[in-house]
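Undergrad: Take a look at what TrEMBL says about it:
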type     : residues : note
COMPBIAS : 512-523  : compositional bias 'Acidic residues'
COMPBIAS : 601-613  : compositional bias 'Acidic residues'
COMPBIAS : 658-671  : compositional bias 'Polar residues'
COMPBIAS : 712-721  : compositional bias 'Basic residues'
COMPBIAS : 740-749  : compositional bias 'Basic and acidic residues'
COMPBIAS : 760-770  : compositional bias 'Polar residues'
DOMAIN   : 8-389    : domain 'Nucleolar protein 10-like N-terminal'
DOMAIN   : 394-442  : domain 'Nucleolar protein 10-like second'
DOMAIN   : 538-565  : domain 'NUC153'
REGION   : 490-535  : region 'Disordered'
REGION   : 556-770  : region 'Disordered'
Amino acid sequence: MATEYSNVKVYTVNGATAGSSSSLPDWLTRKRAAAGKGKRAVREQVEGTIELIQGFEFPEASNRIKTTRDGHHVIATGTYKPQIRVWDLDQLTLKFERHSDAENVDFVCLSDDWTKSIHLQNDRSVELHTQGGFHYRTRIPRFGRSLAYHFPSCDTYLSASGNEIYRLNLDQGRFMTPLILEAGQSDSEILGVNVIDINPAHQLLGFGIDGNGTAQFWDPRSRVSVGTLRLPKQRLLSSTGLDSDGLLSVTAIASRPDGLSYAIGTNTGHTLLYDIRAARSYALKDQGYGLPIKKVIWIEGGSRMAGDGMVLSADKKVVKIWDRNSPSNNFVSITPANDLNDIHHVPGSGLLMTANEGIQMATYYIPQLGSAPRWASFLENITEEMEDQTTRSVYEDYKFVERSELKTLGLDHLVGTPMLKPYMHGYFISLKLYDAARVIANPFAYAEHREKLIREKMEKMAESRIRSKKDSGVKVNKALAAKILKEEEKTKKREERKKAKKATAATVAQDEQGEEDVDMEDTEKEHGAAKKPSLLNDPRFAKVFEDPEFTIDETSREYALLNPSSFAQRGLKTAVEDEEEESDKVSSDDLGDGDSGSGSDGDDGSSSEDSSDAGELQPRTYIPMKKEYGNPRARVPNVNLVPMRAGESARGVDKNASFGQRLSGSATGFKSSKARFGNSVRQSGDGGMEITWTPSASAAVDDTEYDDSRQRQGKRGKEPKRKGVESFGAGMERGGMGEAEIREAEKKGRTQRRRGIRSGSKNVFRNLGS
């Protein structure tokens, strides 16, 4: 993938594209094509991307990366688990990997190829590796920070926390006397040494000090300090907004092959260029992020553009390449997709390799910085072909929609299909499909938009003609605005009354004391005080009275819960009350039907009603509960106790008829005595006796009244208003007389008469003869 910065193209030939956080997502340029046999054989081709080195990655992250001096191999360290990997550049693939016990901090190749190397680990150990594998391990007193190898003397310099530089001589196989760095009189204490640099021209040692903002230079032959370079501390700290008493540290040093120039990076994100013959820097570069500089590299011998000396400075966010003579202008700027840990420039080419916090290590090729290396000469042909191709603009064929808009268009059923590409908090959809769905979902969109514009224009013209009372721009929620204004007016009147009382009290006090000079300064201040801020003129709540989306729904349940009094004044009902009202209507209709149907049977079954039906709760017949229940003592419950007659033949009687119906229809062998309130005593010829009575709550009711009411009921053919009926709501009642007769066969459940047992009490029969 190619990115362009100020007419300088950067090609990503390994790993994630530079600046991929704002570039095209992977699915936009990815095509999957099935090839081979079976469903699992899937070939993935990414348009416009190149994988230069196969398997150029680590399981979690990479720490350091370097190429060997012969240019045939790449060595990198990473994690997790801590390991070393070597890639063969001639074959463009992984050669081998080797695991270690601790994570790597820094390493140096001792030979021209990969066979010998020394590694500084984060557990204070120093490991020597050969072609066969791990060779030897030793330890240093403190945790190491940097590593450098001096080839003429075979000394390995190890920097750590503190002011000591440990020397491990590989020729003699032992530690030598360490170099002890001393701070100047005006310098602060040395907290440690962050970086070591060895000049390739004259072998001068450079140490980047942590804590006092200096760099010390030592002669390896005499092992003494030959100079101290002090950075402009106040200038660097003030430019980043830090306190001048803060700590300034040197985090990166790079010496130019000419032996005269040094590039020094600081923890404030600045890169300074020095001539070894002067104490002041001749160039200053700010990365812009305020992060410590990870690496500084002098780029030489690439092409005519970079032949005069380019400088590469990198922190964990950005890599900048700039000319030493014009540091304010960037030659190119690269933003890696992941945080940067290390960067390496392949000498004599335009290829950059990075170690980062991602799985894949990135490789960038910049043709204008230098040519492709010999082992990747095909990159020039590929980049030339890519330059000839016309690139499309970003997302020109796709439209980003949110989930809510997707539901409005009626395309939410496409979620999970290839038609929708998930991205951030929404989806990418084909522009053609989006336009078609929008027209289908709302074919009158243009007409509605035009009508809205006309309406707004007419409202604006009407406002200009009609001068109404200022309502502080209230367009919606006018009831709320009126309520606020009313409350403000009440508060204002209350304050005015308080002020009047205070003024009256002050006048009375003045009259009593006879003083003319009364301090009224407080009253004047109160009168002249500025008007208190109101909810109507507060800009934070302006949309509540202007935007229709903030309209208060006064018919909602939430509004009713918050404003119960106003909700009740309008006579509005809750959902439960509406449901009860509907139930009342249905029950009333059913009751009318039942009354009309039961009038014809009132004469037959009213006198002989079954005892199990009287006082039964009727859930399907609903009579609304009355507010006045009448005198409970005047109720006449309808309870009929009918003892069974054993041994009587049922021949000639309807088997489906109730016992009361059979009793009223059979007069054979029975003599009736005086009946009162439906009570009767019948005697048979063989000495048997049958009693039917209705218990009454009061004995003051006359028989004539009862008989007259029954006769009036029979003449009308409809039940009168029943007394003593107790209603419970929801169609349930208890008591009453004159219920419709139901045939025994139609009765079910609890309403069906029990068979084979007596309904009366034994004590009743025992006391009948006495």
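If you go along the chain as it appears here, the first residue is 1 and each next one adds 1.
Yeah, the Cβs are placed from backbone N, Cα and C, and that goes for glycine too.
What you see is a predicted model, and the numbers here were worked out from it, not measured in a lab.
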Undergrad: For the domain 'NUC153' (538-565), what does DSSP give as the number of helix, strand and coil residues?
TA: 18 helix, 0 strand, 10 coil
Undergrad: Per DSSP, how many helix, strand and coil residues does the domain 'Nucleolar protein 10-like second' (394-442) have?
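TA: Here the numbers are 21 helix, 14 strand, 14 coil.
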Undergrad: Can you give me the average pLDDT across the domain 'Nucleolar protein 10-like N-terminal' (8-389), rounded to a whole number?
TA: 85
